[in-house]
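For reference, Swiss-Prot has these:
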| type | residues | note |
| --- | --- | --- |
| REPEAT | 11-34 | repeat 'LRR 1' |
| REPEAT | 60-81 | repeat 'LRR 3' |
| REPEAT | 127-149 | repeat 'LRR 6' |
| REPEAT | 150-172 | repeat 'LRR 7' |
| REPEAT | 173-196 | repeat 'LRR 8' |
| REPEAT | 198-218 | repeat 'LRR 9' |
| REPEAT | 219-242 | repeat 'LRR 10' |
| REPEAT | 244-264 | repeat 'LRR 11' |
| REPEAT | 265-288 | repeat 'LRR 12' |
| REPEAT | 290-310 | repeat 'LRR 13' |
| REPEAT | 311-334 | repeat 'LRR 14' |
| REPEAT | 382-405 | repeat 'LRR 17' |
| COILED | 456-512 | coiled coil |
| REGION | 464-485 | region 'Disordered' |
| MOD_RES | Thr480 | phosphothreonine |
Amino acid sequence: MFHCIPLWRCNRHVEAIDKRHCSLVYVPEEIYRYARSLEELLLDANQLRELPEQFFQLVKLRKLGLSDNEIQRLPPEIANFMQLVELDVSRNDIPEIPESIAFCKALQVADFSGNPLTRLPESFPELQNLTCLSVNDISLQSLPENIGNLYNLASLELRENLLTYLPDSLTQLRRLEELDLGNNEIYNLPESIGALLHLKDLWLDGNQLSELPQEIGNLKNLLCLDVSENRLERLPEEISGLTSLTYLVISQNLLETIPEGIGKLKKLSILKLDQNRLTQLPEAIGDCENLTELVLTENRLLTLPKSIGKLKKLSNLNADRNKLVSLPKEIGGCCSLTMFCIRDNRLTRLPAEVSQAVELHVLDVAGNRLHHLPLSLTTLKLKALWLSDNQSQPLLTFQTDIDRATGEKILTCVLLPQMPSEPICQESLPRCGALESLVTDMSEEAWNDRSVHRVSAIRFLEDEKDEDENETRTLQRRATPHPGELKNMKKTVENLRNDMNAAKGLDSNKNEVNHAAERVTTSV
């Protein structure tokens, strides 16, 4: 008589198991049957809370995925995984990384992001085979002083932490290609940053930088630089040395001028200068021959340089909310321009040469002081022409008329002439979503007081007079908070939890701590 042999007895040589998104509460027992052969185990996006002792007998593992669970402890037995190459324990509830992690000598890729960690173990720099390390959003306050011993690192992600400085040894990471320091509390960038000659991507957004070191110009291989949401008042002339740069974001700073050296960035494709204090652009901007997107929103520009017409590849130009009183006729030289936004300026006329931008599909001139439009616009194949916030359709019906001052034929419609708005301080305007400035002149009041004015608002006013007479009649509907506010809330909760853990010990009742954190979240 023949008996059916269970499938797992027929095949004990299993190298990979994928149990992602299976609502697992415990590690499945059958996994241990393949301990001698299992090299890849993916248990991401489940409800695991602990890793049993038997789990660390899977010593052949080379790739382990445990992200998006509820794991509360990473035991010292992690040292058993001496062949582990990839480890992902991101977005769990792990309060610390054991010092024994140093025994995982083969580890090359590690992600500890989104855990309530405040530090990395001192032994961490012994993992000298690491090439990619992600420790984003863990409330990290400092890096090990010997972080430079990780000399094989190519990618280091430290976003959304509480770092205030960088250790000197960081610049020993000579193979580093990607460094993400966004949304920390860094005040100074060391001059030695210029020694990271292989760096391709550098993210410094959302810090407290007031200047960039001259040595940043040594980064000849840099492709992407983001220094938005800082306190920069000037850029060093040496920025002209970033000859490989294709993406440059300097939004939400305090810049009043841009150095002429910007014109040497011949490969630059995207340049974002919105929400600064620029009153003019250098003529050298026209030498950025590969520029496709130029964002100038919310500055103090009175006009655009004539050299703007040399940007033959420019497809998106946004200069909303400036003080533009005129446009150069050379704007027509932007032969690839598809979207041109100059909303909320002080323009009284558009140059007829705009029609030479034959690829133009969207033209937004709402909120200006235009009396009419040039007849030449009829030659364009526009898909949208915005003249007013109250415009219900992207295109309108126009009539021809004669300009009494010049005798030229012009275009007019029911929304022309535009009504001039009363002079208003730009800084007093409510900011809208991602365009809201984090660096405007404001006092250092508590976040809770400041956040009310940072989110966008929809107002319903009968008229200005009624508003002055009875301010309480104004209905304001406020939008969802900017993600930055939500992140600050999260940090507040995490800090409270860390304080409670320190007071009660890590083995205290976690449910009680979480309950307290939930109360804080509700109050915030």
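Using the three backbone atoms N, Cα and C, a Cβ is placed for every residue, glycine included.
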Distal contacts, the repeat 'LRR 6' (127-149) - CB-CB under 8 A, six or more residues away: 90, 101-102, 104-121, 155-173, 180, 491, 494-495, 498
Remote residues contacting the repeat 'LRR 8' (173-196) - C-beta distance under 8 A, at least 6 residues beyond either end: 136, 147-148, 150-166, 202-210, 212-219, 226, 487
DSSP helix/strand/coil residue counts for the repeat 'LRR 6' (127-149): 3 helix, 3 strand, 17 coil
Residues of the parent chain within Cβ reach of the repeat 'LRR 12' (265-288), under 8 Å, 6 or more residues beyond its termini: 228, 239-240, 242-259, 294-311, 318, 435, 437, 439
Residue distribution over DSSP helix, strand and coil in the repeat 'LRR 8' (173-196): 5 helix, 3 strand, 16 coil
